[in-house]
Amino acid sequence: MKTITTDWELIPYSEAWSRQTEWFDALVHAKQNGESYENRIIFCEHPHVYTLGRSGKENNMLLGEEQLKTIGATLYHIDRGGDITYHGPGQLVCYPILNLEEFGLGLKEYVHLLEEAVIRVCASYGVVAGRLEKATGVWLEGDTSRARKICAIGVRSSHYVTMHGLALNVNTDLRYFSYIHPCGFIDKGVTSLQQELGRSIDMAEVKERLGRELLAALLSK
């Protein structure tokens with residue numbers, strides 16, 4: 001089956017979640033019934049929002065409901081793995097809705113593939129990134145006291161079909177991370193391509209590079 005790339009641009013989180021779920025359910029149904037389907041790689045950005053995964057702890061959100069309103073943000077409890085994270089303008093979010101079995105992937109291998117694609121995109125900008133032991137996502141200087149996260153990853157899988165995905169900080173307002181313990185960490189920082197390079201980064205260019213890396217990785221399986 002073919003894999004298509006879609007760009008939702010700036011979209012409210014609730015609408016993106018609803019669309020994702022609809023396409024995810026349709027792919028699961030098609031797979032179970034031997035029908036044709038399309039794998040999708042979705043790019044978007046969200047207005048200010050925090051999402052708390054299934055294993056997340058409420059105390060990693062440091063603001064109450066009224067305080068969230070004052071910073072123009074909302075909070076959603078969602079069905080992905082992982083803890084709490086932030087999404088907002090300037091952050092590239094990618095939601096692959098894929099039949100992993102078509103690509104010969106298990107869930108652990110899939111998460112590794114997402115990380116590797118982001119690591120390669122960072123490298124294309126001269127930013128050296130990698131993994132942190134016993135943690136998901138993509139990090140800079142992960143084995144030092146200056147460890148900082150540039151990309152969060154949290155997925156849901158059912159019948160080897162995926163939804164949710166990754167969030168890469170490109171030109172993200174990093175102040176919004178100060179209101180949470182990102183991904184449950186209290187002793188790790190966050191960063192962005194803009195922060196590391198000292199300049200604004202063209203979002204369309206990052207989308208193109210990440211889309212190319214993801215497709216290449218999937219097709220190599």
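Using N, Cα and C of the backbone, Cβ positions are placed for all residues, glycine too.
Copied over from Swiss-Prot:
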type: ACT_SITE; residues: Cys183; note: active site, acyl-thioester intermediate
type: BINDING; residues: Arg80, Gly81, Gly82, Asp83, Ile84, Thr85, Tyr86, His87, Ala152, Ile153, Gly154, Gly165, Leu166, Ala167; note: substrate binding site
type: DOMAIN; residues: 35-221; note: domain 'BPL/LPL catalytic'
type: SITE; residues: Lys149; note: site 'Lowers pKa of active site Cys'
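Features per Swiss-Prot, on structure.
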residue: Arg80; record: substrate binding site; contacts (Cβ under 8 Å, 6+ apart): Thr51, Gly53, Arg54, Gly154, Val155, Arg156, Met163, His164
residue: Tyr86; record: substrate binding site; contacts (Cβ under 8 Å, 6+ apart): His48, Val49, Tyr50, Tyr176, Phe177, Tyr179, Ile180, Pro182
residue: Leu166; record: substrate binding site; contacts (Cβ under 8 Å, 6+ apart): Val93, Cys94, Leu114, Val118, Gly137, Cys151, Ala152, Ile153
Most Cβ neighbours inside 10 Å, all chains, among the binding-site residues Gly82, Gly154: Gly154
Average pLDDT across the domain 'BPL/LPL catalytic' (35-221), rounded to a whole number: 92
Distance, Lys149 (site 'Lowers pKa of active site Cys') to Ile84 (substrate binding site) (CA atoms, angstrom): 13
Pairwise C-alpha maximum, in angstrom, for the residues (Arg80, Gly81, Gly82, Asp83, Ile84, Thr85, Tyr86, His87, Ala152, Ile153, Gly154, Gly165, Leu166, Ala167) that bind substrate according to the record: 16
Ala152 (substrate binding site) CB neighbourhood, other CB atoms within 10 A: 25
Cα-to-Cα gap, Lys149 (site 'Lowers pKa of active site Cys') vs Gly82 (substrate binding site), nearest whole Å: 14
Number of Cβ atoms other than its own within 10 Å, given for Ile84 (substrate binding site): 25
